[in-house]
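Peer 1: Before I ask anything, let me first share the structure, which is written out below as structure tokens.
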Amino acid sequence: MKLKFLCNNRLSEAQLQGLKTHTYSAEGTSFVEPVMQVYWRWLVTKIPLWVAPNLLTGVGFLVNFATVLPLLLLDTNLEGVAPSWLYVAAGAGFFIYQSLDAIDGKQARRTGSANQLGELFDHGCDAVSMFLILMSGASAVGIHDYPISLLVFVVLLNQVNFVYHWQTFVSGTLHFNLFDVTEGQFTSIGLLLVRGIFGLQLWDIELPVVNIRLKMVLIAVILSFSFLNLLQPFSVILTRGVGKNGTTVANTSVLSPLVTMMILVPVPFLYYSSSPSPLRSHSLLFMSATTLPAVKATITMILSSMTKTPYPLLYPLYLAPWFTLLNVLIGSPLPEIPLLFVVTVWEVVDIAVFCVTVCLQVANFIQVPIFTLPPNASPPTSDITMTTSKHPHS
């Protein structure tokens with residue numbers, strides 16, 4: 001693997017050709033999805049036929065970002081101390097994003113504009129939104145009181161998202177479980193709304209008999225379900241490779257992405273064990289600097305699944321958190337907090353440039369606009385495919 005490739009955000013010709021031949025494949029249904037389909041089918045009929053699917057996803061993402069950002073800026077330590085109305089707004093914004101994200105595929109079929117860019121844009125927005133969900137959820141529960149739980153919560157759920165797409169890279173098919181993305185999204189919405197309506201003190205109620213705070217029970221339940229969701233995809237990863245001799249869609253080892261996990265997962269824990277004060281005093285900044293590269297890892301996994309090309313195990317960005325750890329291990333010659341800030345800015349800019357570059361390149365390659373309907377779209381129809389999947393290209 002050449003370093004030149006690792007530093008280059010542009011897709012190769014092989015990746016573009018692989019993407020051009022990609023077709024969407026999914027199996028399974030989650031618990032609440034059949035019920036939500038009634039709402040989603042109704043909602044999409046209210047969307048004008050001139051609205052492009054990616055515009056729905058993009059607007060939803062911007063609403064999500066615009067409602068979560070003020071909350072995080074006023075609760076940078078994830079203590080749950082932002083004004084209550086911001087939690088309600090964030091929950092409502094997330095519901096709007098979830099709704100628009102869920103109907104983009106139906107809108108694509110209504111307008112005859114389904115294409116590979118739509119699926120990539122959908123999953124890419126989900127990967128970025130996942131980080132916002134984790135941070136706002138941590139704030140809603142006030143998980144700052146339990147630093148180790150905060151570390152496990154963010155790192156574990158980041159890896160759940162990564163492994164979710166890893167199984168697609170192995171099997172060529174998205175797999176939906178009984179408790180899946182939709183259920184996780186509604187859990188996050190519920191936490192935000194409950195915190196906004198009833199206040200942070202609700203989580204401090206001590207449960208009778210067991211004499212344990214509600215917050216601890218809630219954290220334990222979330223982490224338990226997350227751990228199960230992390231393990232479940234490995235039944236697919238280890239047994240359902242569709243490449244040569246049971247390999248991935250790119251004919252590579254099904255276990256090779258473990259290298260990326262081994263690079264990304266240890267840093268937050270090693271840093272905290274060496275210098276706990278930044279996590280306690282600047283929780284949001286610490287978690288951003290040490291875990292944001294997981295977003296790029298997930299987007300890259302999505303690309304590898306869709307292009308059927310080898311997954312790049314290392315990008316320079318993955319080493320950014322290690323710089324912060326190295327600084328601590330050699331006695332912090334650079335001030336910790338400013339360095340964490342600089343690294344976070346580096347990561348945000350890198351991910352943003354990567355996403356924009358890939359979207360523009362793919363749009364140019366398959367000759368479709370990103371936020372408007374392509375001129376060669378099929379004649380619009382009001383018929384909606386009666387599918388149990390919310391995703392765009394089933």
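Glycine too: its Cβ is placed from the backbone N, Cα and C atoms.
Feature annotation from TrEMBL assigns transmembrane segment to 49-73, 85-103, 148-166, 186-205, 217-234, 254-272, 284-307, 337-363.
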Peer 1: Would you say the transmembrane segment (337-363) and the transmembrane segment (186-205) are touching, if the rule is that at least three C-beta pairs must lie under 8 angstroms and be 6 or more residues apart?
Peer 2: no
Peer 1: Let me spell it out: take the transmembrane segment (49-73), skip the flanking residues so only those 6+ beyond its ends count, and list any with a Cβ under 8 Å from a Cβ in it.
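Peer 2: Same-chain contacts beyond the flanks: 82, 86-87, 89-90, 92-94, 96-101, 103-105, 107-108, 110-111, 113-114, 117-118, 121-122, 125, 128-129, 132, 135-136, 139, 284, 369-373, 380, 382, 392.
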Peer 1: For the transmembrane segment (85-103), could you work out the same-chain residues 6 or more beyond its ends whose Cβ comes under 8 Å from its Cβ atoms?
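Peer 2: Result: 36, 39-40, 43-44, 47, 56-57, 59-61, 63-64, 66-68, 70-71, 74, 122, 125-126, 129, 133, 136, 139-140, 182, 185-186, 188-193, 195-197, 390.
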Peer 1: For the transmembrane segment (337-363), what are the same-chain contacts with Cβ under 8 Å, counting residues 6+ beyond its ends?
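Peer 2: Non-local partners: 9-11, 16, 19, 116-117, 120-121, 124, 128, 278, 281-282, 285-286, 288-289, 292-293, 295-296, 299, 303, 317, 320-321, 323-324, 327, 369-370.
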